[in-house]
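Asks: Below is a structure I'd like to ask you about.
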Amino acid sequence: MSYANYRYMKARAKRWRPENLDGIQTSDEHLINLFAKILSKHVPEIGKFDPNKDVESYISKLDQHFTEYPSLFPNEHTKRQYTLNHLEELEQQFAERMFSENGSLTWQELLRQTGKVQGSNKGDRLTKTFEGFRNQLDKVQFIRKLMSKANVDDFHTRLFILWMLPYSLRKLKERNYWKSEISEIYDFLEDKRTASYGKTHKRFQPQNKNLGKESLSKKNNTTNSRNLRKTNVSRIEYSSNKFLNHTRKRYEMVLQAELPDFKCSIPCLIDTGAQANIITEETVRAHKLPTRPWSKSVIYGGVYPNKINRKTIKLNISLNGISIKTEFLVVKKFSHPAAISFTTLYDNNIEISSSKHTLSQMNKVSNIVKEPELPDIYKEFKDITAETNTEKLPKPIKGLEFEVELTQENYRLPIRNYPLPPGKMQAMNDEINQGLKSGIIRESKAINACPVMFVPKKEGTLRMVVDYKPLNKYVKPNIYPLPLIEQLLAKIQGSTIFTKLDLKSAYHLIRVRKGDEHKLAFRCPRGVFEYLVMPYGISIAPAHFQYFINTILGEVKESHVVCYMDNILIHSKSESEHVKHVKDVLQKLKNANLIINQAKCEFHQSQVKFIGYHISEKGFTPCQENIDKVLQWKQPKNRKELRQFLGSVNYLRKFIPKTSQLTHPLNNLLKKDVRWKWTPTQTQAIENIKQCLVSPPVLRHFDFSKKILLETDASDVAVGAVLSQKHDDDKYYPVGYYSAKMSKAQLNYSVSDKEMLAIIKSLKHWRHYLESTIEPFKILTDHRNLIGRITNESEPENKRLARWQLFLQDFNFEINYRPGSANHIADALSRIVDETEPIPKDSEDNSINFVNQISITDDFKNQVVTEYTNDTKLLNLLNNEDKRVEENIQLKDGLLINSKDQILLPNDTQLTRTIIKKYHEEGKLIHPGIELLTNIILRRFTWKGIRKQIQEYVQNCHTCQINKSRNHKPYGPLQPIPPSERPWESLSMDFITALPESSGYNALFVVVDRFSKMAILVPCTKSITAEQTARMFDQRVIAYFGNPKEIIADNDHIFTSQTWKDFAHKYNFVMKFSLPYRPQTDGQTERTNQTVEKLLRCVCSTHPNTWVDHISLVQQSYNNAIHSATQMTPFEIVHRYSPALSPLELPSFSDKTDENSQETIQVFQTVKEHLNTNNIKMKKYFDMKIQEIEEFQPGDLVMVKRTKTGFLHKSNKLAPSFAGPFYVLQKSGPNNYELDLPDSIKHMFSSTFHVSHLEKYRHNSELNYATIDESDIGTILHILEHKNREQVLYLNVKYISNLNPSTIMSGWTTLATALQADKAIVNDYIKNNNLNI
C-alpha cells in the first residue's frame, strides 16, 4: 500500500462506524480464524517485486517476509500455498503438477523450477490468499466472530474492513451486494478503480498526442490536494468546477446525447477525469426529467460550490449510436448542460477514439455473463434445468390436461392472416420449425383457426403468439381463482431467506386433452397448425395453469411456498430449513417433469423481486422498474394514454398516499360529458404523483405474534383506516392503508353510524388478519360516543346496528378513544376516497325521507283549484280530458298530477311562495340550500320557473344570509405599497405573541425594513407599554439606522396611543396603519413573522423555553438568506458586503461601501427594480384568486363578516357568521367602504371595511320583509316605522342586541316577534298610529 493510499484509508477508517456493517455469518470457522490472525498482526507494506529480477533475489525477500510474520506462515504448507498464489496462471498449474508428483518439494524449489514469478502488491496477495473461498457470506455473524477472535485496536479493525475485506471478496458472486451496503467500501473501490485506470487499461490512452483544441484536450493535473468541504459526506474529488481524479491525466470532448424517452438531445461533456455523471437543474427543468432525493449529500466546489441532494432516475441515452442506461447527479450550475464520467464509460466498455473524436464500444469477449450455476447442494436436480433440457413434448398428467370446452360446436371464425414483414417471417419460420421438431405443434386440418402475431420479449427477441380473441368468445370460462397478491405477501411474514424459481416455457409444460387439439389451431403463411400443449393467449390458460401448479406443489404450497402462475417463491426463517424447503419443491417439480429456467432463478437471497415487488425480511416495496415506468411517463395526448397512465398508478396505489385525491383532476377528463382539454391542473397532478413515487413507503409483513392496532375514522363522504403492528423498538409500523367511498344511503347516516361503518368496513377488509386473534387487538376511534354503543349490552337501536353487533362478535378487540388531532392518519384516509371500490346501487338500508310533506287537506285542494282558474294552460288541462291524455297527466281529487307523480301548480303565486316557505323555514330540514330545497319540493310539486323562484327566495332569506358562509372567491385585487428609495426609510412593525416564557420574556418585537427586508428581533413581554416600546425602538433601530420616514403597523393600542404619537412627532416619522382585518396591507411583516417562527421551531423545538438564547442566530440566519423579492441578502444590501458564516469562509468586502458611491446607487436601483417586479408578480398571483369587485352604492345594505374581522364577534361557534345589515355611506378608497354603524359601537370599531369582508344583503319585500333574527332582539328602545306586506305587519325597530348586549341595532321584524320582545312599547305604537290589527 502506498503512503498516499495508506493515509486515505486511515482517514476513511476514522470515519467508519460499526453500524455501517451489521455483521457477517459463515460456517467456515477456518476462514474466521485466518482473518483473525491477519487482523491481529497488521502486516505493513513490503514493496512491490519486479518479476524480471532473478529468482534468488525474490526468494530471499520472501524468506525474510515469512520470518518476520511467523503467525501468518506457521508451517511449510502455508508458505508453499502463499508462493503458489503469487505465480502466473500457467506457471501455477505447472508448479501444482510438480508438487502432486513430488509432495516433498519446498516452496524455494518450486520457485526455482518454475522460473518465473509474478510480484504483486498487498491487495493482490490478499486476493490470492482468499481466492479459493466461494461460499456466500452473511455479514452479521462474520464480523461478530471476527471481532471476538481478533485482539487488535479499533483503527486496525476499520482499516482491515475497508482495505482487505473487499479484495478478499473480489471473486464472490455477491460482490455488488457488499458494495451497495458499505458506502465506505464502495467509495474506496470507485476511487481505486479510477486512479489505476490509466495504467491498467491502455485503450483509454489517446492515440494521437497532437489533438485539436476544439474537440479533445489533454490536461495535466497540477495538484494532488483534496478540497474536502465536509468530513461526514461522501467524497468526490474535484478540480476547478468538475468532479476530477487527481492521480491521472484527463481528456475531454463534447457530444450530442440523445434521450429517446423524452424526445430531446443535450450537449454532453465526455470527461475521463470526472468520477460522477452530472446534469444541471436548468436542463432537468427544460426537458422535465424525473429526479429523486439522493441520500448521500455531496459538497462539490470550485467555481460553483454547492450541495447535491438530488439525482435523476436511470435514463436511456444514446452517444454516437451507443445506447447506455445511467443516472446523473443534479447540480445548480456547470459549464455544460451535462457530463458523462469515466466510471460510466468504463462500466459500459466504451473507449475514446482520439483521432476521430468519437466513442466506440468494444466487444465484451472477456466479460460474457455465464448462466448462473445451480448451487452444489442442489446438483442432484441438475436434470430439471433448462440447460440440460431442450423443449420437448411433455407427457400428459392424468387429471391435469388442458381442456377446452366450447359454448357451441357450430361456430365459424373469420379467415384472415395478419401481414408479416420479412423479419417476422423469419422469426415465424424459426418458431414453427422448433415447434415441429420438439413436437409441441403439428400440422392441422381444422376448419377454424386463429391468426398469429408477435410480441417482443424483454431481451429484445420476438415471441410468436396466437391471437385467440375470436375463439375466446366461444370458450367456457374457468372459474378457478387466481391468488390475491395481498394474501400471498402475508404468507411471507417472518421469513429471512428466499429462493425464486421460474419455470421454462411454463404453458408448454401442460398437454392438451386428447381430442381438443383442433380447437387450438392457428393459421400463418406456412399453413395451419395446432398445439399439443397449452398455448399462450387463450383466456382460460392462466386459471388452468394456477390449478396445475397448485396441484403439483400440493401441501408444501401452504407452508413455505407461494406461487403466482409460473413464479415460485420459497421462503424460510433459517438457512438450514431453507435447504430442505428448496429440495422439497425441486423434487415435486422433478416428479412432474417440469423444467426451471436457471437464468431467472435466484437461490438463498435475503431480498428478491417477486411479482412486481421488492421483498425482504422487513417488508415489501414496488420494484424500481415499475416506479420508473410512471416517472418517465410523458404528458398523455388522449384518453387512451391517460387510462394507461392511471393503470400504472393504480398498480402502485397502496404505496401512494392520497391516491384518489391526486388522480381526481385526471379522472375528470375520462368522464363522458367532459371535453378533452389538458390544463396545468392535470400537469401538476401528474407531477405530484411522480413526487410521491420518488421514495415509496415500506409496508411491513403482517405478523400474527405482534400486537395489532387498527385506527379508523369517517368523514362526510368516506371512511379510512390504517392497520399497524408493534415491533421490537416499541414503535408501530403500517401493514396497510384503506379508504373507501360511502354509498348514497350511507351518506345519510348519523355521525355515530358513520364512525361505526368505518370500523365494520375495515374489519371486513382485513378479516383474514383480524378474525379469531388469540390476544385482543386495539381499535382507536376519535368518536367517544361510539365506545358506549359498541360495549353497551342493551337492545340495539335498529336492525342495522343489530347486524353490526352480530358481526363484531367474530372479533377479539378492545376499543379506545383518541382525539382526531392524534388520529391523523386514519382521519386523512377517510378524506381520501378509494374510487376503485364499487358502490352498490341498492343499499341494505333505506335512505331517510327528508321531505316534510305538506298535508293535502281539503283547504289545500280548494286553494290549488282556485289558483288553477287564474292560469289558462292549467285550466285548459283541468277541463279537457283529451289534452290530459295527450300530455300524460291525470286528475286526482281535483288536482293535476303528471307522470312523475308531481302536483302541477300555477307559477309564482302566493301558494308557491307558501310552499317554499314551509319547506325552507318550517320543515325538518333547517334552511336547506337552493339545490337541496329544489330537489325536495320537486318530489311533490312542480310549476313553471320553480328553480328561479326558489333561488330568489333562498338568496333573500335573512337567516341564511347572516349565518351561512360564502364559497365564492374573495373580492378585491391586491394594492401593493410602492417601495422606498433606500434602506431604513420605510419600516413595518408587529409583535409575535403566545410564545412560551423564556428568561422572563413571552413575546417578540419584529421590525422589518421594507427596502432591504432586514429584520430586527427584540424579546419583550405581552404587557409591554407604549413608552417601553418607544425606548426599545430608539435603542435598537434609530441608534443604528437613523430616523425612518414612515412606519406601517396594525391598529395595536400601543401604536395608536398618545405616547407613541409624541414619539413619532419627536423623530419626525409618519405612522400608517394597515386596514383593520386586512392582513394583506402589511403582508411583509406577516410573512417575516411566519419565517421567524419556523426558524425558532427548528432550533428549539425540543426545548421551547430556551428560544431567547437563539434569537441572535435566528436574526443572523434570516438576514443572510437571499430574499426572493430582492434577489440579495438583507445584510448585503444594508452593509454592502457578505459576512463569514462559518470558520471555513472569509467575508467578502466591497471596496465601495459609501451609500453615495456609484456602485451603491446602482445596487439600490437594482433592488428597487426587483421589488417593483416582485410586487407585480404578487399582484398577478393574488388577483388570480379573487373575483371581480362587487361595487356598492351609497344606501346599499351590506353585511360584515364576524369571524375573520373580529367585528361584533364572540368566541361562540354558534354565533351568526355576519353582522348587519348596515347602510353604505360612501366609498373611501379603491376597495374600501365606510358603513353607517350604530352610535353604540362606532367608538369600538372602525367604520371602514375592505370589500373582501362585505357581502351584499339581498332584500325582497315581496318575499320576506324581516331583516333581523328574532333571537337577537333584546329590549326594544324605539319603533321607527311600519309597513304591511301580504297582510303581515312589519316594524322597523331600534333594539339592544342579545348577542352583544352593549350594542344597539335596528332592523325590520314582524309584529308577532316585536310583541314577544316588548309588548308595552308595541301596543303604544299601535295605539298612537291608529293601526287596525
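Glycine residues also receive a Cβ, built from the backbone N, Cα and C atoms like all the rest.
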Asks: Taking Swiss-Prot at its word that D566, N567 bind Mg(2+) 1, choose the one of D502, D516, D584, D628 listed for that site.
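Replies: Answer per Swiss-Prot: D502.
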Asks: What is the number of other Cβ atoms found within 10 Å of the Cβ of D502 (Mg(2+) 1 binding site)?
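Replies: Summing over all protein chains shown, D502 (Mg(2+) 1 binding site) has 16 other Cβ atoms within 10 Å.
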Asks: Just to be sure I understand: of D271, D990, D1050, which recorded positions have a C-alpha no more than 10 angstroms from the C-alpha of N567 (Mg(2+) 1 binding site)?
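Replies: Neighbours among recorded positions: none.
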Asks: Can you give me the same-chain residues 6 or more apart in sequence from D566 (Mg(2+) 1 binding site) with a CB-CB distance under 8 Å?
Replies: D502, L503, A506, F545, I549
Asks: Specify the secondary structure state of D271 (active site, for protease activity) as given by DSSP, simplified to three classes.
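Replies: SS state of D271 (active site, for protease activity) = strand.
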Asks: Can you count the other CB atoms that lie within 10 A of the CB of N567 (Mg(2+) 1 binding site)?
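Replies: N567 (Mg(2+) 1 binding site): 19 neighbouring Cβ atoms within 10 Å.
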Asks: In the same chain, which residues outside the set D502, D566, N567 have their CB within 8 A of the centroid of the CB atoms that define the Mg(2+) 1 site?
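Replies: For the Mg(2+) 1 site the neighbour list reads K500, L501, L503, A506, C563, Y564, M565, I568, N597, K600.
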Asks: In this predicted model, what is the average pLDDT of the domain 'Reverse transcriptase' (436-615)?
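Replies: Computed over the domain 'Reverse transcriptase' (436-615), the mean pLDDT is 86 on the 0 to 100 scale.
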